[in-house]
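Peer 1: Got a structure here, written out as C-alpha cells. Questions coming.
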Amino acid sequence: MVKVLIERIDKDLPLPNYATSGSAALDLYSRIDFELPPFKEIGGGLVIPTGIKIALPEGYLAFVLPRSGLAAKEGISILNTPGLIDSDYRGEIFVNLINFSNKTFYGKRGMRIAQLLVLQYAHVMWEEVSQLPQTERGEGGLGSTGL
C-alpha cells in the first residue's frame, strides 16, 4: 500500500474508493451534472471535473480508465484512455468522457464516471546496441501467436 496525498475541491463528494476488496482501481466521481450527446453529434468528448487533486509519490503514476459498466450499458468511455497523471501534476483530475451510443447520456453529480489506477514505474536508461538478442517469438506481432 502507498500513501497518496489528496485535496478535495468539493468536500460533499466521497473520496475515490475501491468498490470491492479485490478492486485494483478506485472509483472517481463527477463534480457536476452533465449532458453528453453522442460523439457523432459533437465530434469529441466532454471534460468532466472530479473535484480532487492528488500528489503521487515520486516513482508512481495514475491511469484514468473507463468503467466497464458505463461502457457496456451506456456506450460511455474515455476519449484519451488511458489518461495519464504524472507524479508532479497538482491540478484537478478531469475525465474526458465520450458517448459512443446513439442517445444523449445524462450524468449526475456524484456518479462514478471513471477509475483511477495507481502504479509504480521505473525510468529507462537506454543502452543502444547494433542488434537485439533473438527470442523464439522474434518480430512476430499483430496476432502472430494466434487469435
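Each residue's number is its place along the chain shown, starting with 1.
The backbone N, Cα and C atoms fix where each Cβ goes, glycine too.
According to Swiss-Prot, the protein carries these features:
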BINDING   Arg67, Ser68, Gly69, Asn80, Leu84, Ile85, Asp86  substrate binding site
Peer 1: Can you give the largest Cα to Cα distance in Å, as a whole number, for the residues Arg67, Ser68, Gly69, Asn80, Leu84, Ile85, Asp86 that bind substrate in the record?
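Peer 2: In whole numbers, the farthest two Cα atoms are 26 Å apart.
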Peer 1: Let me check the 10 A CB neighbour count of Asp86 (substrate binding site). How many other CB atoms are there?
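Peer 2: A 10 Å sphere around the Cβ of Asp86 (substrate binding site) contains 10 other Cβ atoms.
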Peer 1: Within 10 angstroms of the C-beta of Leu84 (substrate binding site), what count of other C-beta atoms is obtained when all protein chains are considered?
Peer 2: 10
